[in-house]
Amino acid sequence: MCFGKQSITPFVKQCFAVSSVTFNMMSYGMVIGFNVSLFSELRKSQEIPLDRDSESWLASLIGITTFIGALFTPIIIDSIGRRPAVITSSVLMVSGWITLSLASSLPVLLVAKFLQGMSVGLGSTMGGLLIAEYSSPKYRGSFMATILTSLLLGSLISHLFGLFYNWHQISTILGFFSLPGLIISLFSPESPVFLATKGRYEQCRKVFRWLRGPNEDDELEKMIKTDLIVKESKKSRPKKTMSKIIQKKLTYVILTFKKREFYIPVFIVMHLSAIHQFCGALVYDTYAFDIHKALYGTDIYMFKVIASLDIQRILSTVVTVYLTSRVRRRPLLFTLVGLNILAYIFAAGYIYARRHSLLPFDHMAIGVFLHHFHYFTNGAGSMPLTTIISNELFPTADKGFCGLICSMVFSMFMFANIKSAPYLFSLIDVEGTLCAYALLLFYCQVMLYYMLPETKDKTLQEIEDKFRGFSLVDRAEVLKTKDDEDVSN
């Protein structure tokens, strides 16, 4: 753990702590971006023969392994800590790149993808939670937005190297790019929220004040009081046998799903995850060859176009980082996801008209504009805003379980999206697939319109209290006052 000089501002300290997560997120982006080089080269060279089934399994394996990694997330982050989870994720990622650099057969490629998927599953949900717990409310939106910025930067790095190197060389280079996340995480502090849940209140205060300074003690003390109330309610319960423990766990699951502060955020995050996964970014990156053939009729300029798209998407995300500190989340999300739906419809219409020679005039610039417009909508809205909002909604007491459920859903969506895309391309063509995605995004918009609250400038505790319908601390103080009045009477 690194505790620097007191002259360093809280913002700088938070930047240092958050950077361990953002560097790992950059590695996750490299994993997605690497697929373009891997699949396009293997299709042409047949160095490792892949048919449609084996290619879709290799591409979608990350969805399954992300789910497996997510299964271990609550165990590690609730029992061992957030920081060990970051370190474990970093080690798995570096191991995956080493395995890829040595791969010469499909089984070895699958092993490498398994390791990387485990890393993504362990680190993606936990990373967002850790940023939320490290950062002040006024910085949290911007720090959350760095998650996607890092993912996009990682994807851009992979695509740029694809212009000059083969996939073996790229995997070796990207292994070195994944090392900073591991190194910084070794010197970062543990989450103050985790320390509070373990009853290590003095250490929690020390880390919290090191990160935030002395001006946010109200949030610190309210967090500790809330944890004490939760622990007090569990104090007098006797130790259980194994059967009682299992029964207790089942009871916990049932009771947890009845909590408003649990099931409402889970429902919301499920729909936010669907928007994130089906906004087009993942399919466009994974099956870039198919998308470029549909939009342009050729893949000659694929890596150059992809590099420009990555740069444009990063700039779009930077705009969102700025906007999230000044504009309310809800209207911003609905506006940009609405534009994402329009981008799908425009692209589908253009591809259909082009395929059936219905255009009075055609030029590559039309496809380039539609492609960049789509990347603007998911780079500015569908990806960063869903990430920012999702990580603000989890309740403190059930953060691990809530994160597990949402990671499972996210992984299922990822697997279904990547695995089904090539079959949908064959069944209803690329344009039909884009229309199906647009319809799904519209449904999610409707659900979120009725369920999603505003989270801008709210502390995590205030957001949790909003879902619960009341504050535990306020209710405990009211009950204490009533008890005192009864005693005095």
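In case you wondered, yes, glycine gets a Cβ from its N, Cα and C as well.
These come from TrEMBL:
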DOMAIN    1-456  domain 'Major facilitator superfamily (MFS) profile'
TRANSMEM  15-37  transmembrane segment
TRANSMEM  57-77  transmembrane segment
TRANSMEM  84-104  transmembrane segment
TRANSMEM  143-167  transmembrane segment
TRANSMEM  173-196  transmembrane segment
TRANSMEM  262-283  transmembrane segment
TRANSMEM  332-353  transmembrane segment
TRANSMEM  373-394  transmembrane segment
TRANSMEM  401-418  transmembrane segment
TRANSMEM  430-452  transmembrane segment
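Proximity of distant same-chain residues to the transmembrane segment (143-167), defined by a Cβ-Cβ separation under 8 Å and at least 6 residues beyond the stretch ends, is recorded for 14, 18, 21-23, 25-34, 36-38, 41-42, 100, 127-128, 131-132, 134-135, 173-174, 177, 285, 303-304, 306-307, 310-311, 313-314, 317-318, 320-321, 324, 379, 383-384, 387-388, 391-392. When Cβ-Cβ distances below 8 Å are used as the criterion, the transmembrane segment (373-394) is approached by residues 128-129, 131-132, 140-141, 144-145, 147-149, 151-152, 265, 268-269, 272-273, 275-276, 279-281, 284, 309, 312-317, 319-321, 324, 329, 332-333, 335-337, 339-340, 342-344, 346-347, 402-403, 406, 441, 452, 455, 458, 460, 463, 467 of the same chain, each at least six residues removed from its ends. Contact between the transmembrane segment (173-196) and the transmembrane segment (84-104) is present: at least three CB pairs lie under 8 Å, with pairs separated by 6 or more positions in sequence. Same-chain residues lying 6+ beyond the ends of the transmembrane segment (84-104) with a Cβ under 8 Å from its Cβ atoms: 20-21, 24, 27-28, 31, 34, 48, 69, 73, 76-77, 111-116, 118-120, 122-123, 126-127, 130, 167-168, 171-172, 174-175, 178-179, 181-182, 185-186, 188.
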